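Below is one structure; the comments refer to it alone.
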Amino acid sequence: MLASCVLLAALCTLGMGTPVKRNLRLHESRPTAPTGCSRVGPADATTVLSLRLGLVSSNVDKLIETLYNVSTPSSAKYGQHLSKSEAAAFLNPSDESLQAVNAWLADNDINATTISHGGDWLAISLPVSQANEMLDADFSVYTHEESGTQIIRALQYSIPEDLVDHLQVVHPVTTFAVLSPKPGSTSAGRVSLTPKQKRQSACGGQYVDPACLQELYGIPTTPATEPEPLLVTGYIKQYPSKNDTESFLSTYRPDYTPSPLYNYTQIYGGGYDPSNPGDEANLDVQYTVGLATGIPVNFISVGEDANGDGVGGFLDTANYVLSDQSSAYVVTTSYGGDESAVSPHALEKLCNIFASLGTAGVSVLFASGDGGVAGTRSSHSCTDFVPTFPSGCPYLTSVGATGGYNPEVGASFSSGGFSKVFATPSFQTSAVSAYLSWLGGNYSGLYNPQGRGYPDVSTQGVDFAIVLNGQIQGVGGTSCASPTFASVIALLNDELASAGKSRLGWLNPWLYSHPDALNNITSGNNPGCGTDGFYATSGWSPITGLGTPNYDALRSAAGL
């Protein structure tokens, strides 16, 4: 998942234009760098910054109205998804906004490149000295203490007064985010590959494997008949191994050998190094290939932009899916970070593109995080609960984790809570209100009771078997859960297509309309920040959401 801080760099020098003086207004600020980041000193004036300008989209209200109409089961327009180009059009800025921002850039001799299908994101490059003057900022070098990564950021910036209604964010000026640790290994260590032993139940062995998940949740093993690709995203040079995936299938799914195993795509500088596979990438691929029988799995390697802040990578991925380049309608991502490390304006822009994907019928799923109520701050103290991003965005489905069987319990690491940026959405008002009523005054002041609650759902996430470098290894985290739930959705979409019905698309209104289609988890808690964290109880909870999948019940809820 994503932690706090990021890399920005490129040490060539650009010629500076003569800045045009304008009246500036403070646009974004933060009092200090996030926990885990420390200031080193001022940035070199000649260092070139790569910045993204997020323009105000002119039709967001209509976007959200359309999203709810096509995604709410009680709506007459349910399932009537738009084309991807129609969905992207909601993000368009007005002509006035484009002209105003481009005029400001031209006055400062800066060329911009449009980098989004909605036309609402521009990319620019300029030296620190010019950025400091244009934005009335103090760009400095910061170090992410845990990783040692250095980034260039500012604690505040201003924009011309006449652009306030046109320019939503300059990114990542006040965003401090760095990709966080990969899934945690279990204490059981690594074991050599051996044929899987027969046992009375598929669950209860040393590790969770596909057969256990199929038994536990009723996931079918019959191949899909009208499949669309399931997209697995990869960042920070995490690459899957085909050799490891073949070994995984021969051990845990000997009945199934897809051809090809999976497809591989590189975008925006993504790479591929099969000699150095990553545990996160292997996990995500092995459990989508191993569970979504007959569904083509596409792995997409997303390059780190000049800033490496994660938000940019998520934007690049969303734009790729929104384009005609991608035929995937289910997307799973096992990365995230602390909401407080990201500019609220950047979060809103990112959330809007997820909403756009939803209107096109794309189901977007993210792991909720692995730090309980402490977000990614397991190694740092916190004085209040730390929500994670992008799980706070209501237009994606956040997936938490469970462990154990008969009953399943909420995993202690499963991040959950309430956003401080996004308000409680209408689809979960009743569910969240019921939980808050049960919670009473506990933790008052430590969380935002008016915030969007997450996760939405959960699956097993403890002691998953993967094959890495030819050996079986146990891993755990919500990184296990998101690809598992995404596989369930991909299989349901296949059945819907076979029945002549539309895809599920944005899942949340449908899920909250059918809570009985999930196995409610009533025990477990997610400690952090010196507390026991939130406890699971009957109904929705901020550790396991509505619960884990019951495939047959979900089929019925989908009208199958």
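Glycine is treated like the rest: Cβ placed from N, Cα and C.
Automatic prediction, not curation, is the source of TrEMBL annotations.
Features of the protein shown, as given by TrEMBL:
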- GLU280: active site, charge relay system (ACT_SITE)
- ASP284: active site, charge relay system (ACT_SITE)
- SER479: active site, charge relay system (ACT_SITE)
- 207-560: domain 'Peptidase S53' (DOMAIN)
- 1-17: signal peptide (SIGNAL)
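A separation of roughly 7 Å, to the nearest angstrom, links the Cα atoms of GLU280 (active site, charge relay system) and SER479 (active site, charge relay system). Taking the Cα atom of each, SER479 (active site, charge relay system) and ASP284 (active site, charge relay system) are about 7 angstrom apart. With every protein chain in view, the residue among the active-site residues GLU280, ASP284 whose Cβ has the most Cβ partners within 10 Å turns out to be ASP284. Other Cβ atoms within 10 Å of the Cβ of SER479 (active site, charge relay system), summed over all protein chains shown, number 29.
The predicted model assigns the domain 'Peptidase S53' (207-560) a mean pLDDT of 96.
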